[in-house]
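> Below: one structure in structure tokens.
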Amino acid sequence: MPEEAETFAFQAEIAQLMSLIINTFYSNKEIFLRELISNASDALDKIRYESLTDPSKLDSGKELYIKLIPNKTAGTLTIIDTGIGMTKSDLVNNLGTIAKSGTKAFMEALQAGADISMIGQFGVGFYSAYLVADKVTVTSKNNDDEQYVWESSAGGSFTVRADNSEPLGRGTKIVLFIKEDQTDYLEESKIKEIVNKHSQFIGYPIKLLVEKEREKEVSDDEDDEKKEGDEKKEMDTDEPKIEDVGEDEDADKKDKDAKKKKTIKEKYTEDEELNKTKPIWTRNPDDISQEEYGEFYKSLTNDWEDHLAVKHFSVEGQLEFRALLFIPRRTPFDLFENQKKRNNIKLYVRRVFIMDNCEDLIPEYLNFIKGVVD
């Protein structure tokens with residue numbers, strides 16, 4: 001018997017923000033996945049940090065990962081993490097009744113023409129789920145509480161109830177019920193493209209449940225049964241039959257040979273890790289070999305040649321950042337095209353991709369330099 005659900009009203013500013021997200025047309029809706037993966041990564045950071053002083057915190061699940069499960073039949077996209085999880089009060093407060101300080105600021109920025117992709121910087125990235133979903137459920141289990149489910153179709157209210165279904169162990173499972181006109185976000189290729197663009201350097205494995213096909217050899221038993229049935233029918237008829245024993249033996253032999261091998265195609269699912277390239281800019285330059293720099297450069301730029309030079313440094317103080325910059329071996333063919341949009345340096349914040357057209361990062365005369373700033 002399902003537990004009774006409590007209904008809560010969204011805090012006024014949050015309800016306003018959700019209405020704005022749902023009723024305004026935004027072209028880059030794909031950022032919803034970046035935000036949810038980023039939140040999952042934060043939750044994993046928290047449990048890992050707690051486990052440093054108390055290893056027993058990981059008794060509820062040692063493996064730290066993020067998993068994506070598209071289901072075209074049900075029209076859902078599920079995002080699971082084995083992070084710290086949320087208590088009942090976390091679900092009520094964080095997802096609806098207490099407005100983050102950035103809620104109002106973000107709405108004002110949106111109305112002034114800011115890009116929806118800035119949503120995460122204001123601490124309200126979760127609500128970007130409603131760019132592509134008309135209903136969202138969040139199942140969560142924290143070590144200090146029972147398992148609860150938060151649910152909302154964004155109509156000004158949400159429900160929270162105890163959950164006795166499949167136990168998570170620890171962590172959070174978000175199920176997005178995808179809008180009918182957004183089902184391309186259930187395609188494996190689309191999910192891979194978004195993760196590769198925005199979340200390639202998240203510090204935990206991001207696994208995608210993919211459907212694959214393999215060839216399988218089976219014995220042709222069904223054909224046997226069918227043949228036996230046909231023979232029985234023939235025996236039941238009264239007409240006499242002349243048999244050639246030699247021919248029969250040959251036919252039997254051929255039948256057996258054919259029966260031995262029949263190849264069928266079988267579908268199966270398995271987890272595929274999407275973010276195997278690790279963010280080497282977070283490591284100490286002394287520990288990184290030239291081969292590793294070379295591999296990273298090629299994966300970043302799709303250049304087939306090695307780089308000419310590399311500079312890897314960090315700045316600490318009021319403003320903190322790490323930079324890994326490469327000079328390519330060859331001059332770009334469009335070096336002197338002034339109108340071309342520059343996107344050679346990717347800007348990340350805490351390993352999450354933000355933009356690749358930040359013109360203030362480097363002067364125009366150095367626009368051939370490639371790399372990352374985090």
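Note that Cβ sites are derived from N, Cα and C of the backbone, with glycine treated the same way.
According to Swiss-Prot:
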BINDING   Asn39, Asp81, Lys100, Phe126  ATP binding site
REGION    213-262  region 'Disordered'
COMPBIAS  226-244  compositional bias 'Basic and acidic residues'
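Looking at the shown structure, can you explain where the listed features end up?
All protein chains considered, the CB of Asp81 (ATP binding site) has 28 other CB atoms within 10 Å.
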> So if I draw a 10 Å sphere around the Cβ of Asn39 (ATP binding site), how many other Cβ atoms end up inside it?
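So the Cβ neighbour count for Asn39 (ATP binding site) comes to 19.
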> Counting Cβ atoms within 10 Å across all protein chains shown, which of the binding-site residues Lys100, Phe126 comes out on top?
Phe126
> With H, G and I counted as helix, E and B as strand and the rest as coil, say where DSSP puts Phe126 (ATP binding site).
helix
> Provide the three-state secondary structure of Asp81 (ATP binding site) computed with DSSP.
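Reduced to three states, the DSSP call for Asp81 (ATP binding site) is strand.
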